[in-house]
Amino acid sequence: MTERSRRTTEADYDAAETDYVESRALVTAEAEGDERAVEAALRPRSLDEVIGQERVREQLSLVLEAARGRNRAPDHVLLSGPPGLGKTTLAMIIAAEMSSPLRLTSGPAITHAGDLAAILSGMNDGDVLFVDEIHRMSRPAEEMLYMAMEDFRVDVVIGKGPGATAIPLEIPPFTLVGATTRAGLLPSPLRDRFGFTAHLEFYEPADLDLIVRRSAGLLGVTLTDGGAGEIASRSRGTPRIANRLLRRVRDYAQVRADGTVTLEIAHRALDLYEVDQSGLDRLDRAVLDVLCRRFGGGPVGVSTLAVAVGEERETVEEVAEPFLVRSGLLARTPRGRVATPAAWQHLGLAVPSTAAFSGAQGVSAAEADLFTDD
Ligand SMILES: Nc1ncnc2c1ncn2[C@@H]1O[C@H](COP(=O)(O)OP(=O)(O)OP(=O)(O)O)[C@@H](O)[C@H]1O
Ligand SMILES: [Mg+2]
């Protein structure tokens, strides 16, 4: 990964970056800098407070209610989905709904099986253990976790070589809640040991609207219907982005107006921050613009596109493309990137009758990736 794309995807974001990266960070779904502290104040605390994700909410409430009825720790739960959709929030809610203490750790923090053994041996009956980024755990720790999940027992190995002995250690029944943005990377023995997997989906604008209003209430921001709708519709289906845009629009309203977030104010603020009506930012638009205006809609190789917008290939591929593809504005084909008719419309251009898009159908992303080198 390039330096720039790494910075914009990890929490070590540095405020001394250029304006360009700051505007990038506004619509990235990952948490930036000290954002996690700000987010804590906005997290729903119970299942009833959670907005949207109806299916997951209903499934989860059944799992939890049944466990409460049996007076047992609920089955292990895996939460999977893109960043910023509420995995950590739900993990905290599971513990709260069970009135159980929550222990927090993350895959990268567990580098040795011993790290995990230490955590597990300190657990009490009914505790909830939250392992964030569970796909990034080391292999030996993963294997220890299989056993702990299934038999509530681990073997702690003492010593090395022929003299090593395994001492079995009983663990009180606990609930593991794992979160991952990459469920596909979990080995199947681990995936299979979760009794329930919740797949979080991107949010509908109506749900984001409610989330923006709820957050505004908690932050003490006055918001009109139009203001809430405008922020919601530019948030890429992601509550974290909605909350972030709300904070930026609030700043604008406070400094440039009387503090109330109206449609007009939201519009002006988000234009200033270069987040457009569909939630695209400057780089997203630059990619579409070059693709349509300079390359006639494609197909064009991703490296050529990257040079044309003055970016690294990885930045275009990992930062801009996923949302453009998800929005139906760009397609990956065996011969290169192609603008869809919606892309031309988004730029306010007439869709050419010879648009290359006809070649885009029926090709899987994996297949397309094999061919997209210049
Ligand atoms: N359903 C929801 N209703 C209201 N707010 C939500 C909802 N889901 C998420 N949020 C808000 O979005 C923010 C991000 O959520 P959270 O930290 O749970 O995401 P995540 O899926 O754990 O992201 P990551 O993959 O980066 O860890 C939080 O501040 C939370 O308040
Ligand atoms: Mg999280």
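In case you wondered, yes, glycine gets a Cβ from its N, Cα and C as well.
Copied from TrEMBL, the annotated features are:
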- LEU42, ARG43, GLY84, LYS87, THR88, THR89, GLU150, ASP151, PHE152, ARG193, TYR203, ARG240: ATP binding site (BINDING)
- 73-204: domain 'AAA+ ATPase' (DOMAIN)
- THR88: Mg(2+) binding site (BINDING)
- 204-274: region 'Small ATPAse domain (RuvB-S)' (REGION)
- 277-374: region 'Head domain (RuvB-H)' (REGION)
- ARG313, ARG332, ARG337: DNA binding site (BINDING)
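The structure, with features from TrEMBL marked on it.
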residue: LEU42; record: ATP binding site; contacts (Cβ under 8 Å, 6+ apart): ARG214, SER215, LEU218, LEU219, ASN243
residue: GLY84; record: ATP binding site; contacts (Cβ under 8 Å, 6+ apart): ALA29, GLU30, ALA31, THR238, PRO239, ARG240, ILE241
residue: THR88; record: ATP binding site; contacts (Cβ under 8 Å, 6+ apart): ARG43, PHE130, ASP132, ALA179
residue: GLU150; record: ATP binding site; contacts (Cβ under 8 Å, 6+ apart): ARG193
residue: PHE152; record: ATP binding site; contacts (Cβ under 8 Å, 6+ apart): GLU170, ILE171, PRO172, PRO173, PHE174
residue: TYR203; record: ATP binding site; contacts (Cβ under 8 Å, 6+ apart): ILE51, GLY52, GLN53, LEU85, ILE211, GLY237, THR238, PRO239
residue: ARG313; record: DNA binding site; contacts (Cβ under 8 Å, 6+ apart): VAL302, SER303, ALA306
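Highest Cβ count within 10 Å among the binding-site residues ARG332, ARG337: ARG337. Only LEU42, GLY84 of the binding-site residues listed as LEU42, GLY84, GLU150, TYR203, ARG313 bring a Cβ under 6 Å of any atom of ligand 1; the order follows the sequence. In the predicted model, the domain 'AAA+ ATPase' (73-204) shows an average pLDDT of 93. Contact annotation for binding-site residues (GLY84, THR88, GLU150, ARG332, ARG337) versus ligand 2: THR88, each with CB under 6 Å from a ligand atom. The DSSP breakdown of the region 'Small ATPAse domain (RuvB-S)' (204-274) into helical (H, G, I), extended (E, B) and coil residues amounts to 52 helix, 2 strand, 17 coil. For the DNA site listed in the record, the two most distant Cα atoms among ARG313, ARG332, ARG337 lie 14 Å apart.
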